[in-house]
Amino acid sequence: MKGNTEENTGKSMDGKMDERLMRLALEARERSYSPYSHFRVGAALLCGDGSVYTGCNIENAAFTPGICAERTAFAKAVSEGKRSFRAIAIAGGPEKGHPAFTAPCGVCRQVMAEFCDPEGFRILLGAGTDETQEFRLKELLPFGFGPGDLKEECEG
């Protein structure tokens, strides 16, 4: 019996990982605490070592203390010592509706810029496991401010 390889499924290993990430993001979306907006978002963050951290949006009556799903996933991963990231899958949408393509907010994009290579970090937006759009961080944050902007220039 053959395993699920690219040769016999027609899907690349990245494709399989993308499907897994989106499935995990959809599952995380179900754990969202969003009693005010009723807009649920889930995220699944793929680390450089292959581990995955999930997050959901968590709202607060005061609104400002709320946190997005993407930042929840990053906070969990970074607090566990992770510093290398390859991709994130995001699934969002109305509480009672079908998931919709939901792009990360500006603050989440800035957090991604802190930790991720803008050219290589992949952002998958999903309206389900079969409906995804892929972007690089640089496409969603073309003039991002990152750690490199704070490095002192060497004088020769």
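Every residue, even glycine, has its Cβ placed from backbone N, Cα and C.
Annotation comment: TrEMBL describes Glu70 as active site, proton donor. Sequence-distant neighbours of Glu70 (active site, proton donor): residues of the same chain at least 6 apart with a C-beta under 8 Å from its C-beta are Val41, Ala43, Leu45, Gly55, Ile88, Ile90, Pro104, Cys108, Val111, Met112.
The Zn(2+) binding site annotation in TrEMBL covers Cys68, Cys105, Cys108. Every protein chain considered, the tally of other Cβ atoms within 10 Å of the Cβ of Cys108 (Zn(2+) binding site) stands at 25.
Summarising the annotation, TrEMBL assigns domain 'CMP/dCMP-type deaminase' to 16-148. Averaged over the domain 'CMP/dCMP-type deaminase' (16-148), the predicted model reaches a pLDDT of 96.
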Site with most surrounding Cβ atoms, counting all protein chains shown within 10 Å, from the binding-site residues Cys68, Cys105: Cys68
Helix-strand-coil residue split for the domain 'CMP/dCMP-type deaminase' (16-148), DSSP-based: 41 helix, 38 strand, 54 coil
